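Here is the structure we will look at.
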Amino acid sequence: MKRSMYAGRVREEHIGTTITLKGWVSRRRDLGGLIFIDLRDREGVMQLVINPEEVSSDVMATAERLRSEYVIEVEGFVEARQQANDKLATGMVELKVSALTILNTAKTTPFEIKDDVEVSDDTRLRYRYLDLRRPEMLENFKLRAKVTHSIRNYLDDLEFIDVETPMLTKSTPEGARDYLVPSRVSQGHFYALPQSPQITKQLLMNAGFDRYYQIVKCFRDEDLRGDRQPEFTQVDLETSFLSEQEIQDIVEGMIAKVMKETKEIDVTLPFPRMSYDVAMNSYGSDKPDTRFEMLLQDLTVTVKGIDFKVFSEAPAVKAIVVKGNADRYSRKDIDKLTEFAKQFGAKGLAWVKVTDGQLAGPVAKFLTAIETELSSQLKLAENDLVLFVADTLEVANNTLGALRNRIAKDLDMIDQSQFNFLWVVDWPMFEWSEEEGRYMSAHHPFTLPTPESAHELEGDLAKVRAIAYDIVLNGYELGGGSLRINQKEMQERMFKALGFTADEANDQFGFLLEAMDYGFPPHGGLAIGLDRFVMLLAGKDNIREVIAFPKNNKASDPMTQAPSLVSENQLEELSLQIESHD
């Protein structure tokens with residue numbers, strides 16, 4: 001029989017009609033000789049009623065065989081329910097079954113197919129096809145589909161061209177580790193799976209495409225966390241002849257459309273702009289969460305003359321004030337915060353509380369001489385807790401920024417209904433890598449430096465600024481972009497600043513440098529992490545919730561057992577040999 005409609009879409013207007021439904025048995029109940037079935041499909045749940053006095057013995061026998069997750073087909077008459085269930089969209093109606101067929105049986109599932117199920121992440125991933133049956137998960141992917149549909153319509157209307165770029169590309173330095181794919185034809189050579197279509201989309205601008213976009217898979221072999229996966233999807237844009245502001249206007253319009261169509265939220269345009277330096281100094285993060293205050297305060301000058309060398313001789317002393325919550329933090333709680341602070345390079349965490357109008361705590365006695373000034377600067381009040389970090393400016397900012405976010409979550413200070421977008425601009429071009437012992441690109445080596453700082457490419461790299469911009473949402477980096485280098489001389493200077501010899505630059509990026517000999521236009525763009533965006537719209541804290549078949553924290557798939565061993569024949573074809581490092 002042909003399905004008439006989705007079970008979850010049956011409503012009062014269908015009363016009096018005969019329909020056919022197909023789906024899964026969510027629950028079966030026997031009550032007073034009647035059998036009640038909750039039939040589930042992707043649109044919801046519908047109650048079925050099987051009355052032994054109104055159906056054949058075969059139908060009744062089939063109904064008695066039903067168990068959870070059996071796949072069935074039913075035909076019946078839609079009636080009004082005697083007792084409505086306002087928890088269901090179909091709660092005003094039920095289906096009086098006249099015909100029933102079992103399309104497939106099911107073993108007992110390893111966990112219940114319902115929301116808020118308590119089961120380990122690896123079990124969910126091992127049986128992902130069952131996990132995805134849960135209504136909450138289905139809603140996540142309906143939302144994701146709406147987001148991508150909205151984005152495509154918006155960019156199509158602006159005459160962006162959707163172009164697919166290669167999945168098998170060249171491995172290049174800078175950035176995260178590549179996933180490598182050995183070549184059978186060119187033995188000893190390897191492709192790399194793209195970390196982004198960065199260079200190819202720039203070459204499309206050189207080709208005259210003017211406006212490009214792609215919703216594209218990317219791959220990075222990096223340590224995983226809640227908002228990272230080894231393979232992920234980004235909304236990739238590139239444009240020619242547009243300014244930084246014009247690109248940002250396009251992106252803001254796209255996000256506004258998505259928010260309106262998926263969340264019915266009217267976002268305020270333009271988005272606020274914040275310099276990188278302000279973000280780091282006031283929020284302790286280059287992706288600040290602006291839904292709450294608790295800004296970092298610089299006390300370096302204030303404490304300079306006190307008789308406490310930990311403060312007076314430190315390069316920087318900064319603090320955050322936890323307003324009105326000192327009584328929530330015992331010494332044991334603060335010890336836990338101290339251990340947390342050490343993860344970010346801090347040597348420790350100093351603190352005082354405001355108790356009975358006075359500063360109290362381990363370092364209070366050292367602050368007596370500046371107590372009035374300190375109280376005024378920090379706007380202290382009764383029951384405030386002040387946390388200090390004395391260290392380099394970088395360590396103080398990073399530590400207090402992390403503490404700020406942790407404490408806000410612990411104290412439930414964040415309005416989860418808010419969506420605070422902002423641009424972080426005026427970025428440094430380079431960042432120092434302790435691991436590499438050199439400066440590396442803060443974004444990538446194709447970012448255009450500001451005209452005012454470009455001369456420092458041959459001088460102090462710490463002073464070079466980039467025409468780069470990140471878009472931030474609620475403390476997450478949603479995406480990043482920049483204007484790109486389009487002049488060969490400037491690109492060669494950039495490579496040299498990063499430590500490439502001319503031969504190395506030509507070996508790695510010769511095709512790009514050659515392209516710059518052929519009228520490369522001014523261009524720029526941006527990429528937004530689609531998984532992360534949908535995660536935030538769905539109110540989740542892990543992108544696995546919005547990726548159909550994600551990996552676990554070990555970059556493994558418990559369902560398919562990927563990555564897996566391959567046969568000796570396959571390795572031999574590729575001239576590969578596995579060495580043990582035991």
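For all residues, glycine too, the Cβ spot is worked out from N, Cα and C.
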Of Gln229, Gln487, which one shares the ATP site with Arg220, Asp221, Glu222, Glu477, Gly529, Leu530, Asp531, Arg532 in Swiss-Prot? Gln229
Please identify the range among 10-13, 198-201, 246-249, 282-285 that Swiss-Prot labels region 'Aspartate'. 198-201
What are the non-local neighbours of Arg484 (L-aspartate binding site), defined as same-chain residues 6+ apart in sequence with CB under 8 A from its CB? Gln202, Phe446, Thr447, Leu448, His523, Gly524, Gly525
My understanding is the cutoff is Cβ-Cβ under 8 Å with a sequence separation of 6 or more in the same chain; which residues meet that for His443 (L-aspartate binding site)? Trp427, Ala466, Ala468, Gly480, Ser482
Rounding to whole Å, the Cα atoms of Leu530 (ATP binding site) and Arg220 (L-aspartate binding site) are apart by 15
Averaged across the region 'Aspartate' (198-201), what pLDDT does the model get? Just tell me the whole number, please. 97
Could you measure between Arg220 (L-aspartate binding site) and Glu477 (ATP binding site) for me? Cα positions, answer in whole angstrom. 16
